[in-house]
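Let me begin by presenting the structure, written as structure tokens, before commenting on it.
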Amino acid sequence: MDSLNFSTSFALFLSIYLFAYLVLFRNWGPKHRAEASSSFMSLSHGTPAVLLAVRALLTAAAGGAPPLAAPNSEFQNSVLDFSAAYFVADLLHYLAFSPSDVLFILHHLATLYVFLTCRFLVGRGAYGLLELLILAEATSACQNVWSIARFRKGESAAAARLYEFLSPFFYVFYSVVRGVLAPIFMIQMVAFFAGGEARGLIPAWVWVSWMVVIVAAIAVSVMWVSSHWVGWCKERGFWGRSSDLQRSNNKVK
């Protein structure tokens, strides 16, 4: 997989971003042009990353060490390079256009820390991280189409209809993956490492720092989708009607 190295992947993602910014969304207003370009680049990363990660896991050779602490295969390292290149490219986007979006910048830096320490420092643990990558990027296609439609819904009736149609399905899908499946797998990883299965293979400070990053990422994801659920319910008056009814009852009393 020599073609799937960091430099080639970074050049690919940068080219996709520039194509989206200079061609695909050139007529969009400045507010959403860069954001839509970032989403388009993310769209080109998410599903390919899932497919590559699945292949890397299926082709991993069985060894003496448990899978979560096994040495990284060459293909697994290539997938880490591929995703790291995307996060560097998107990090540059945030630094250039949204430097005040500290949460996303920290998220990208933390993700790069996990990938790079796994890739270059310990050379182990990619198996579990790629499983998490699959969960993290499983929602990518839906999320990025939803995001682009959201950016455009004020100017396009078709985009508004697509946004309204996708929102409840996307929120449910995202909630199940990030709020249920990811925490279950994270708990299994914590139990594995805390049980000493990786002792002598992955230093404790490394896996502890990985778990801190993963727990924080899951928590932020849950808060993010929760805020969108709240907004979606308010837009449809679910809570508004409840409040109105409460106020009416208070008046009767």
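Note that Cβ sites are derived from N, Cα and C of the backbone, with glycine treated the same way.
Residues or ranges marked as transmembrane segment in TrEMBL: 6-25 (among others).
Mean predicted confidence for the domain 'TLC' (31-237): the pLDDT average there is 94. If you look up TrEMBL, you'll see 31-237 marked as domain 'TLC'.
What TrEMBL records for 46-65 (among others) is transmembrane segment.
What TrEMBL lists as transmembrane segment is 102-122 (among others).
Note on the transmembrane segment (169-193): residues 66, 68-69, 128, 131-132, 135-136, 138-139, 142-143, 146, 202, 204, 207-208, 211, 214-215, 218, 221-222, 225, 228-229, 232 of its chain, located 6 or more positions outside it, place their CB under 8 angstroms from a CB of the stretch. The annotation transmembrane segment is assigned in TrEMBL to 169-193 (among others).
Per TrEMBL, transmembrane segment is recorded for 205-225 (among others).
When Cβ-Cβ distances below 8 Å are used as the criterion, the transmembrane segment (205-225) is approached by residues 103, 107, 110-111, 113-114, 117-118, 121-122, 125, 129, 132, 136, 171, 174-175, 178-179, 182-183, 186, 189-190, 193, 198 of the same chain, each at least six residues removed from its ends.
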